[in-house]
Ligand SMILES: NC(=O)C1=CN([C@@H]2O[C@H](COP(=O)(O)OP(=O)(O)OC[C@H]3O[C@@H](n4cnc5c(N)ncnc54)[C@H](OP(=O)(O)O)[C@@H]3O)[C@@H](O)[C@H]2O)C=CC1
Ligand SMILES: C[C@H]1O[C@H](OP(=O)(O)OP(=O)(O)OC[C@H]2O[C@@H](n3cnc4c(=O)[nH]c(N)nc43)[C@H](O)[C@@H]2O)[C@@H](O)[C@@H](O)C1=O
């Protein structure tokens, strides 16, 4: 079995690669973005024609936190649409029968009922800070469903909640909240600062899943028997939520990270920064009924991620 993992140097792609390597019974195909720019249609088609993978895991994307999404909307919609169109179409042309692509919980309407079930897709307006990225991710689901309906492929989609873990991006502005807070609280604890500022009101709630759980869920969904997948999904509502099933406020999260990094000063809020969606909790019952549950508790996962962060030298702080 030859499996192409697109985005293998990223946080999720890297975790998937490690789990596939540990299983050891696959031939893994990888390319960095410098070797193969997935926004380049001709290059992607040539790569697929030459490598002819049996399966594809699409974990390559333009990814970032709330401010990155708000600052670079053109890149978020263009690059993600191009990557999805090129990879999914080239996979089809090369005869790839099975593919798994990763979306995001931001596909759901800003005011979706909580927890958000798969059926909430396309039922209302999106959160404006990440609408371009969300539109691209919705297109990814619809690409898979359309190829399945017209060409009989078996292309599946998982929708991760907010992820974190080793391999995360710790950029001070462009990263997601958890790596941003780990970095900021660590630097404050080291320097003896008496205050750390977090963005927004601290009131939004987010659900976090460790990347090793996400990688395990991805391989679980990819490996599901086609009849079981079909029995638990619908042809035009085929994506599967992946989450931990519980959420926490950003303020509570900041207090947890402060405790783990040893910061004892005060935590204040910068109201000029956006809150984004007030709550994004996944309904994970579809995945649960197929037999998968997350296993890494948030505090344990953050401690492990902080230990990994401490192994990085300053130049390696992933200033993507
Ligand atoms: N992180 C999170 O909280 C969440 C992530 N997701 C989704 O999970 C998936 C993986 O995200 P994550 O691992 O965090 O992202 P990362 O930013 O860590 O990794 C993304 C990878 O995509 C590759 N890539 C980006 N653009 C291109 C391109 N033009 N051509 C080829 N490769 C490219 C990069 O390759 P290289 O390193 O070689 O440049 C990079 O390693 C994405 O689909 C994302 O939308 C969903 C919900 C939450
Ligand atoms: C995964 C997901 O990620 C993004 O959506 P988001 O959930 O809003 O992600 P976020 O992690 O950036 O913020 C979560 C909350 O945390 C608050 N917050 C506090 N302090 C910091 C801080 O220092 N950095 C960041 N980034 N946020 C902070 C911040 O104000 C917000 O209220 C989208 O890219 C979306 O497209 C997507 O898919």
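Quick reminder: no glycine exception, Cβ is built from N, Cα and C everywhere.
Note that the coordinates shown come from a computational prediction; the quantities given were computed from them, not determined experimentally.
Noted in TrEMBL for the protein shown:
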type	residues	note
ACT_SITE	133	active site, proton donor/acceptor
BINDING	7-13, 102-105, 137, 160-163, 176	NADP(+) binding site
BINDING	184, 199, 206, 275	substrate binding site
DOMAIN	3-224	domain 'NAD-dependent epimerase/dehydratase'
SITE	104	site 'Important for catalytic activity'
SITE	106	site 'Important for catalytic activity'
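Known features from TrEMBL, placed on the structure.
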residue	record	DSSP (3 states)
7	NADP(+) binding site	coil
13	NADP(+) binding site	helix
104	NADP(+) binding site	coil
133	active site, proton donor/acceptor	helix
163	NADP(+) binding site	strand
184	substrate binding site	helix
206	substrate binding site	strand
275	substrate binding site	coil
Which one is it: of the recorded positions 133, 184, 275, whose Cα lies the shortest distance from the Cα of residue 7 (NADP(+) binding site)?
133
What is the nearest of the recorded positions 106, 184, 199, 206, 275 to residue 163 (NADP(+) binding site), using the Cα of each?
206
Checking the binding-site residues 160, 199, 206: which ones have Cβ within under 6 Å of ligand 1?
160
Candidates near ligand 2 among the binding-site residues 7, 10, 104, 160, 163, 275, judged by a Cβ under 6 angstroms:
104, 275
Using a Cβ-Cβ cut-off under 8 angstroms and a sequence gap of six or more, which residues of the chain neighbour residue 184 (substrate binding site)?
172, 196, 197, 198
Compare the C-alpha of the residue listed as 'active site, proton donor/acceptor' with the C-alpha of each of the binding-site residues 104, 160, 199, and give the closest one.
104
Neighbour count, 10 Å Cβ-Cβ cut-off, for residue 160 (NADP(+) binding site): what number do you get?
22
Here's one to test understanding: among the recorded positions 106, 199, 206, whose C-alpha is closest in space to the C-alpha of residue 160 (NADP(+) binding site)?
106
